[in-house]
């Protein structure tokens, strides 16, 4: 008789390999560490300044396109006669007109002395531009001009004191409201000072932020917006001077 050899119920059998694929381990997400928080803040600040700068450039481009014609130079500038606040009191040069710009490269900026930050920053930039251009070309006739858009509060003595913090060659100009409106219209400058503004009032003036470059013939050459830095202005002005001299 043949015997069948088997296994007892208690004996162990070899395990069969499973047909299911191994399950991937889940990634463990770490906590929001101080390093990642700092990186997040730095990136956020960087994006904020980037988009702010791009917005300023876009606004500048739109303004320049608005003031430009389909051909030739835009018609910016024109006759004006204002009080020269930086002339000596006994000088015959207390009136400054558009003809006084002739024979010089002029950097014309419209602002007001109570401006908390933008005007001082732009005048500092103009000062740096004038210094660098004169260092490289001492004989370059370059005239920085400040025209007030706040005639109610900007008296000649106020403007004279205000400009003493910037380049010593700055010429400060002011007129009455109608004269201010006329020169701003000629240069296509917007300003929000009302005709009946209180000389003792505490208010801000909204205005266009451009530095206008005029050539020695009194013609408009370029408008530098707030986004234009000192190096860009120096480079472009130097190019214009060379081209004009040919």
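Including glycine, each Cβ sits where the backbone N, Cα and C put it.
Of the listed segments 4-27, 28-51, TrEMBL assigns transmembrane segment to 28-51. A sphere of 10 angstroms centred on the C-beta of residue 119 (Cu cation binding site) encloses 21 other C-beta atoms.
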